[in-house]
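Peer 1: Sequence annotations record features per position, and here TrEMBL assigns active site, proton donor to GLU69. TrEMBL lists HIS67, CYS97, CYS100 with the feature Zn(2+) binding site. Among the features that TrEMBL reports, domain 'CMP/dCMP-type deaminase' is placed at 15-127.
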Amino acid sequence: MNGAVHTQPHDPVRDPWRPAMRAALEEAERAPGTGDVPVGAVVLAPDGSVIGRGRNEREATGDPTGHAEVLAIREAARAVDEWRLTGCTLVVTLEPCTMCAGAIVLSRLDRVVYGAADEKAGAAGSLWDVVRDRRLNHRPEVIEGVLADECAGLLTRFFRAR
Ligand SMILES: [Zn+2]
């Protein structure tokens with residue numbers, strides 16, 4: 001057995017979320033055609049099935065709230081036919097901003113999983129930590145850094161091409 005050099009270390013916390021992050025990345029990759037920053041999100045039901053998808057559509061729709069997370073949450077809420085997404089997980093390629101962190105708390109999601117950190121505007125641990133603020137009585141679990149390099153690379157390529 002050789003070739004172990006290229007084997008990624010086993011990560012029991014992040015590995016289970018990699019397939020869902022790939023689905024979020026697929027959503028993100030659909031964004032650049034509209035000039036939108038490529039950020040994608042999916043919402044998973046408690047059984048792991050995808051019940052909501054979204055990508056950043058701010059430019060495409062002229063909607064300042066058209067972030068991937070908000071759109072994925074709306075679609076998921078329509079799918080379950082209520083506003084509470086208890087037991088569900090939001091998976092997003094970039095750390096949520098304050099608006100999206102607020103939407104995550106309000107929708108009672110159990111968990112948020114993100115890829116790349118956003119040091120300039122992140123509200124799930126970087127600049128603020130809205131989702132785990134102890135003053136709120138609903139605090140979703142946060143798992144960061146899933147496929148972080150791929151998620152950040154997509155953004156880097158987008159901004160470099162502009
Ligand atoms: Zn946002």
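These residue numbers are counts, starting from 1, taken along the chain as shown.
Placement of Cβ uses the backbone N, Cα and C atoms for every residue, glycine included.
TrEMBL: automatically predicted annotations, no manual curation.
So where do these features actually land, and what's packed around them?
Peer 2: Listed in sequence order, ALA41, GLY54, LEU90, VAL92, PRO96, CYS100, ALA103, ILE104 are the same-chain residues six or more apart from GLU69 (active site, proton donor) with CB atoms under 8 A from its CB.
HIS67 (Zn(2+) binding site) falls within neither a helix nor a strand when secondary structure is assigned with DSSP, and so counts as coil.
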Peer 1: Let me check the 10 A CB neighbour count of HIS67 (Zn(2+) binding site). How many other CB atoms are there?
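Peer 2: Around HIS67 (Zn(2+) binding site), other Cβ atoms within 10 Å: 26.
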Peer 1: Mind checking which of CYS97, CYS100 has the fewest other CB atoms within 10 A of its CB? They're the binding-site residues.
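Peer 2: It is CYS97 that, of the binding-site residues CYS97, CYS100, has the fewest other Cβ atoms within 10 Å.
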Peer 1: Grab the pLDDT values for the domain 'CMP/dCMP-type deaminase' (15-127) and give me their mean, rounded.
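Peer 2: Mean per-residue confidence for the domain 'CMP/dCMP-type deaminase' (15-127): 96 out of 100.
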Peer 1: Inside 8 A of the center formed by the CB atoms of HIS67, CYS97, CYS100, which other residues of the chain have their CB, for the recorded Zn(2+) site?
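Peer 2: So the extra residues in range turn out to be ALA68, GLU69, VAL70, PRO96, THR98, MET99, ALA101, ALA103, ALA123.
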